[in-house]
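S.K.: Have a look at this one before I ask anything.
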Amino acid sequence: MTPRVLVSVIDNDESVRESLPDLLREFGYDVEAFASAEAFLASDCLDETKCLILDMVMPGMSGPQLQQELILRRREMPIIFITAYADRQRLHLPLISRVQCLTKPFSDGDLSMAMHAALKDS
């Protein structure tokens, strides 16, 4: 039996938190969704998460700020940033391996490829 992989989706947009987990479950992943970076950090999922799908711009802690917090806590994991603000924000992403960025709206195929790339060495 293939071990299950937990993917955590963090986005303040409720429609993303409802639709993206359904798609990821179709791909075969276990999924938890959070409305904020702070909620994710306070959850029991932090140690179990194998990949983050993370909005870049959110109230409170932003996606890149969460990435930095995870690095400080030595909890690095693959991250797929999702954003509606393509080029401007991508320029400010740290050049860290296993980080990808998708521009909203993205296709199911784009997400599937990003997931495979993010988890290929896990």
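Every residue gets a Cβ built from N, Cα and C, even glycine.
Copying in the features that TrEMBL gives for the protein in this structure:
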DOMAIN    6-119  domain 'Response regulatory'
MOD_RES   Asp55  4-aspartylphosphate
S.K.: Are there any residues at least 6 positions away along the chain from Asp55 (4-aspartylphosphate) with a Cβ closer than 8 Å to its Cβ? List them or say none.
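M.R.: In sequence order, the residues whose Cβ lies under 8 Å from that of Asp55 (4-aspartylphosphate) (at least 6 apart) are Ile10, Asp11, Asn12, Asp13, Val16, Gly63, Phe81, Ile82, Thr83.
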S.K.: Determine how many residues of the domain 'Response regulatory' (6-119) DSSP places in helix, in strand and in coil.
M.R.: 45 helix, 27 strand, 42 coil
